[in-house]
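As recorded in Swiss-Prot, the features of this protein are as follows:
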- 12-228: domain 'Radical SAM core' (DOMAIN)
- C26, C30, C33: [4Fe-4S] cluster binding site (BINDING)
Amino acid sequence: MLEKSGSVAETFGIPLAVLLELTHRCPLQCPYCSNPLELERGGAELSTDEWKRVLSELARIGVLQVHFSGGEPTARKDLVELVRHATEVGLYTNLITSAVLLSRERLAALADAGLAHVQISFQGSEATIADRVGGFAGGHAKKLDVARWTRELDLPLTVNAVMHRQNLHLLPDIIELALALDADRLEVANVQYYGWALKNRAALMPTLAQIEDCTATVEAARERLKGQLAIDYVIPDYYAARPKKCMGGWGRQFFNISPSGKVLPCHAAETITGLDFPSVRNGASIAEIWRSAEAFNRYRGTGWMQQPCASCAFKEIDFGGCRCQAFALAGDAAATDPACALSPLHDRIFKTAEAEAASGSDRFLYRNFAGGTVEGA
């Protein structure tokens, strides 16, 4: 049992699924990249043996699923070995990939090693827009090939479509693409604006009319395709009246491990300054980090909350919303998430969204290890 100062004692069981960011290396240059602003270099990454130790410990403490992610996880030459080890210790394995580095032979080797599921990101339904958004020529065609190979190998497939102002008009076609690829699930995820995406907000922010059309399209498709294609949907917080229950609440249902072994309450947590995130390299067990690390306990439960969250009837439903967004927009990770109508900043961010959506700006600051490249510069 974990004692949280300022609140009742609560029990936080080990999450059933964990995200493993094997590397921050990636051939794509997406303008909404969710990796931290300070990317971890290849030389800092956990070794094969270190990742195997992590996988064994995760299985031992009760984790059931691991999601191999990045960056681009297929940039790791030892990925097949890691998938095989995860399978041997009893973990369900999911690969979250841009797919552009995969050959059919390597995908088959991953399947033989026990890979259970593949999730491929798509930047659009056709190559011109998709390749421009990802900053990678030929990427869309390669993704289509890998998606087909995935189904030929009898692996379940999820299509992950990251949506924004410059591709939302393609949503009906993306739904049809997911069907044509025989995907089991489609994730329609509007960009969330922190980290690198915040730098490109003016080029990415959709209009409210676009979001309303998007929502109607998703709802109609869910009804039409019930039992055929599962569709998950996330809207941009700037147009919401209530904050999302981010990651199920800070330190309640989720953690991920960075390429260098840092254990994080969410993949964007490093955007919050002043928090120290323990590493699996420093000798502490993952279970002990989950239970006792100050970074996890800082915003766990409700005892940390300021007003109006502290007296809100929804505080144990949304747990104050997103801490990373509160820090990015309010400068205080303990502040009310500005996505909430009770935040004094709510009207301001709504107006910001409307203004930037109407700005006409469409040039991207691409994400890469050089720090960023302006489109067309």
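Each residue, glycine too, has its Cβ placed from N, Cα and C.
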Cβ within 8 Å of the mean position of the Cβ atoms of C26, C30, C33: remaining residues of the chain near [4Fe-4S] cluster: L28, Q29, Y32, S34, N35, G71, G134, W196, R367
Set of same-chain residues at least 6 away whose C-beta sits under 8 angstroms from C33 ([4Fe-4S] cluster binding site): C26, G195, W196, A197, R367
Around the Cβ of C30 ([4Fe-4S] cluster binding site), the count of other Cβ atoms that are within 10 Å: 24
Three-state secondary structure, C26 ([4Fe-4S] cluster binding site) (per DSSP): coil
